[in-house]
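The block underneath contains the structure these notes are about, expressed in structure tokens.
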Amino acid sequence: QNISDFSLNITDCTQVVVPEEVFFTVAAAGILENLLILIAVVRNKNLHLPMYFFICSLAISDMLGSLYKTLENIFIILCKMGYLTRHGDFEKKLDDAMDSMFILSLLGSIFSLLAIAADRYITIFYALRYHNIMTLRRALVILAIIWTFCAGSSIAIALFSYEAATVIPFTILFPLMMFFILCLYVHMFLLARSHAKKIASLPTSTVHHRTNTKGAITLTIFLGVFLCCWAPFVLHILLARFCPHNPYCACYMSIFHVNGTLIMCNAIINPMIFAFRSPELRSTFKKMFYCSR
């Protein structure tokens with residue numbers, strides 16, 4: 001808030017504010033859509049596979065992102081109405097808790113995307129041994145490790161967020177993990193053609209290869225959407241930490257509400273991609289809606 005107030009004095013850029021009605025509508029839609037994904041996977045035993053468990057992990061991360069922005073907006077409204085002070089002990093703890101939720105959402109999304117990318121890689125290039133390599137138990141252990149690490153990291157980063165030694169590794173982790181996932185996808189697509197020739201003699205190789213390639217394309221879309229929705233907000237964090245008094249940085253930070261809304265849009269877009277690209281999920285959704293009727 002102090003940075004926003006100061007930026008109004010050093011830049012001609014006006015603060016862009018998203019209407020509260022739009023903000024809460026987008027947040028509620030993101031939470032409900034991802035909740036539908038979780039319910040669909042739980043109800044359909046055919047979806048009890050490592051890939052869909054990793055997708056559920058991504059859905060939980062998206063829900064946390066929407067919930068974080070909703071709580072933050074409510075907190076700001078209460079401060080403006082005078083029910084909360086900006087510098088009280090309770091408000092400081094509440095702010096740390098919300099920051100921890102934001103970092104947990106971001107780290108959870110990054111590592112969930114990484115797990116999905118690794119799962120697709122094994123599916124494409126080790127198709128015959130996939131069920132031996134990626135068992136359901138192994139997938140659950142991977143998810144437990146991911147969320148334990150993300151929870152511990154989010155608490156530590158939130159408590160020491162004002163230290164440069166904490167902010168720098170956190171901000172470096174984002175592009176580093178994205179670069180690693182991107183390299184993994186490029187490697188998959190470069191080797192896909194040569195791998196297709198090796199399995200061409202198998203009876204179901206064509207269908208299997210097309211299915212796996214479709215899965216890789218779907219996850220590439222996930223990665224692109226994630227970058228478009230989260231990168232502006234991460235850039236905002238960097239600018240707020242390292243150049244808050246620069247007029248150009250302050251001008252970019254004037255669209256803070258827009259960047260926050262983009263995070264919640266990611267939570268809306270991902271379930272749409274799931275439903276559009278996965279016939280099994282579409283079928284499960286239809287059964288759920290018909291049963292409710």
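Cβ from N, Cα, C; glycine included.
What TrEMBL lists as domain 'G-protein coupled receptors family 1 profile' is 33-274.
The transmembrane segment feature in TrEMBL is assigned to 22-42 (among others).
The transmembrane segment feature in TrEMBL is assigned to 49-68 (among others).
The transmembrane segment annotation in TrEMBL covers 102-128 (among others).
Long-range neighbours of the transmembrane segment (140-162) within the same chain, counting only residues 6 or more positions beyond its ends whose Cβ lies under 8 Å from a Cβ of the stretch, are 53-54, 57, 96-97, 99-101, 103-104, 107-108, 111-112, 115, 170. The annotation transmembrane segment is assigned in TrEMBL to 140-162 (among others).
Feature annotation from TrEMBL assigns transmembrane segment to 168-192 (among others).
Annotation source TrEMBL lists transmembrane segment at 213-235 (among others).
According to TrEMBL, the feature transmembrane segment maps to 255-276 (among others).
Non-local neighbours of the transmembrane segment (49-68) in the same chain are 26-28, 30-31, 34-35, 37-38, 41, 98, 101-102, 104-106, 108-109, 112-113, 115-116, 119-120, 123, 134-136, 138-140, 143, 146-147, 215, 222, 263-264, 266-267, 270-271, 274; each lies 6+ residues outside the stretch with a CB under 8 Å from one of its CB atoms.
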